[in-house]
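S.K.: Okay, so Swiss-Prot annotates it like this:
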| type | residues | note |
| --- | --- | --- |
| ACT_SITE | Ser176 | active site, proton donor |
| ACT_SITE | Tyr205 | active site, proton donor |
| ACT_SITE | Lys209 | active site, lowers pKa of active site Tyr |
| BINDING | Leu44, Lys68, Asp93, Asn120, Lys152, Tyr205, Lys209, Asn239 | NADP(+) binding site |
Amino acid sequence: MFGSFNSLKNAWAQVFPQAPDFTESSIPDLLGKVYIVTGANSGLGKELSGILYSKNAKVYVAARSEAKAQAAIEFIKAAHPHSKGDLVYLQIDLADLSAIKSSVNAFLSQEARLDVLFNNAGVLAPHDAPKTAQGYELNLGTNTIGTFLLTKLLLPTLLNTAKSSPKDSVRVIWVSSIAVNFSEQGGLDMENLDYHEDKSAVTKYAVSKVGNFLHSVELARRHGANADGVVSVALNPGNLDTELGRDRSWLETKILRTFVLYPPVFGAYTELFAGLSDQITAEMVRDNNWIGPWGRFCRIREDIDQAARPRSEGGHGLAERFWRWTEEQVKPYV
């Protein structure tokens, strides 16, 4: 599962991280900046949106449920009454590829810039979960394919914003998970993405999170250093007490909260570091595309990192192959 002692050591450090250094007090005034946070109606997405808004940013609260999103917006506004920023609901359903373009068009009808796309939304689907609208396994279809399509459709705006913005400030953040450590050797099997050979619910979730990492690596290669200047980085937000764990028993939840789980704001700090810290550059993420909690440079499992790298760098080229596969899946919806 972990492959080597170094991988185990890295995973252990991400389960029990040091206190965060990069928090609300670390970021400047964000007036004039525009952000999208998917899954912003609850958990770390809601916490992140609150931090950005408190610094006068305009934040698009992207979520499926308008009622839940509006409740989150009202909560955040009440918590930060002096903000000069804005919170705007953006309807999005990542489990339906046919609906994503209309969400992007709704955003583009209001904005000409996008400073950071926080791909925060995700599901942790049980084994008997229904498939997506297009028939994909729910974790893969929502967390990976839907998120990829959203990013692809917003990429021209990100690239255009980067032309007139400070170096390395325009970014795409991919929220992965420590669950990648439960994936198979190399991260994922390109020949079994339809799951004709069934896998456990944990493995399916892990594969979807490996997919986020692979997409981040390939976007960084195509549009980062020596290209268009968009920083793309994946992260493990940390072990958090969020709605993703709503299907756990009360006993499991109590034990995890006591020993392992942290409040969602800590995960928001991980995303905040990835999205705004000047320590992160397009050059840096070409070599190491993984941020751990609560804003630390870490390493993903060695065999996944090796598989993702281009063949020209001694890797297996999996990031490029998975990118091309995903492009084929979303082609009818672009």
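Quick reminder: no glycine exception, Cβ is built from N, Cα and C everywhere.
Remember, it's a predicted structure, so these values are computed and weren't measured experimentally.
Set these features in their place in the structure for me.
M.R.: In the three-state DSSP scheme, Ser176 (active site, proton donor) is classed as coil. Around Ser176 (active site, proton donor), a 10 Å sphere centred on its CB holds 27 further CB atoms from the protein chains shown.
Sequence-distant contacts (6 or more apart, same chain, Cβ under 8 Å) of Tyr205 (active site, proton donor) comprise Leu124, Ala125, Asn139, Asn143, Ser177, Ala179, Phe182.
Annotation for Lys209 (active site, lowers pKa of active site Tyr): spatial neighbours Gly122, Asn143, Ser176, Ser177, Ala179, Val180, Ser183, criterion Cβ-Cβ under 8 Å with sequence separation of six or more. In the three-state DSSP scheme, Lys209 (active site, lowers pKa of active site Tyr) falls into the helix class.
Around Asn120 (NADP(+) binding site), the same-chain residues six or more apart in sequence whose CB sits under 8 Å from its CB are Val37, Thr38, Gly39, Ala40, Leu44, Gly45, Leu48, Ile173, Val175, Glu271, listed in sequence order. Under DSSP, Asn120 (NADP(+) binding site) is assigned to coil, being neither helix nor strand in the three-state scheme.
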S.K.: So for Lys152 (NADP(+) binding site), how many other CB atoms are inside 10 Å of its CB?
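M.R.: So the number of other Cβ atoms within 10 Å of Lys152 (NADP(+) binding site) is 19.
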